[in-house]
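Report on one structure; see the data block that follows.
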Amino acid sequence: MSHPATPQRLNVFVASLSDLLNREPDEGTLIERGGELLQQLVSHDDWLPNELAQPSSERYQQYLLHLDPARRFSVVSFVWGPGQSTPVHDHRVWGLIGMLRGAEASQGFSRQADGSLHADGDAVRLEPGQVEAVSPRIGDIHQVSNAFDDRVSISIHVYGADIGAVHRAVYREDGSEKLFISGYSTPPSIAQRQPAQHES
């Protein structure tokens, strides 16, 4: 599925990534070539619909831009309000993160022999047009934050599954896991048209 008014740049990216996946590349090739495709997409900040770029004062937003019909991949816009961040978490599938607007910081973690998590070096700062990758093979546990305290940042994430339905984990300081399913955020224009839900 895609947004009804899917921009042409996103259409081109989706078609190109679909073609790449049809060739069944190994993960290294997929991350390299998929990263190049995502870099082309986020090198232009003129295509993301405004309603899918709206922050929330409560938490960062995850708007679904495209879901492959076979659920081989999903494309999501992450919209970060000033100073917002994720908990330490994993993905359990390959992922590509491309910076569209603003900047974000990603701190990687690795598990130690005693089960605790240890920060891997300094946080990586992503600027517009830059791309990084995650996967269980190359490193999958990180914490991400808006690099700015005074403005919105937006990154485009591509995952090797319907990421909103994947069972994955957030991590406590001792390295213990709490499983979760992220789901997706509802664009404000759609949320306003939906009737209020009341708990019974």
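Every residue, even glycine, has its Cβ placed from backbone N, Cα and C.
What TrEMBL records for His89, His91, His142 is Fe cation binding site.
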CB contacts under 8 angstroms to His89 (Fe cation binding site), restricted to the same chain and 6+ apart in sequence, sorted by sequence, are Ile141, His142, Gln143, Arg168, Ala169, Val170, Tyr171, Phe180
Sorted by sequence, non-His89, His91, His142 residues with Cβ within 8 Å of centre, Fe cation: Thr86, Val88, Asp90, Gly95, Val134, Asp140, Ile141, Gln143, Val144, Arg168
How would DSSP class His91 (Fe cation binding site) in three states? coil
Per DSSP, His142 (Fe cation binding site) is which: helix, strand or coil? strand
Do any residues at least six apart in sequence from His91 (Fe cation binding site), in the same chain, have a Cβ closer than 8 Å to its Cβ, and if so which, in order? Val134, Ser135, Asp140, Tyr159, Ile163, Val166, Arg168
A correct count of other C-beta atoms within 10 Å of the C-beta of His142 (Fe cation binding site) gives 23
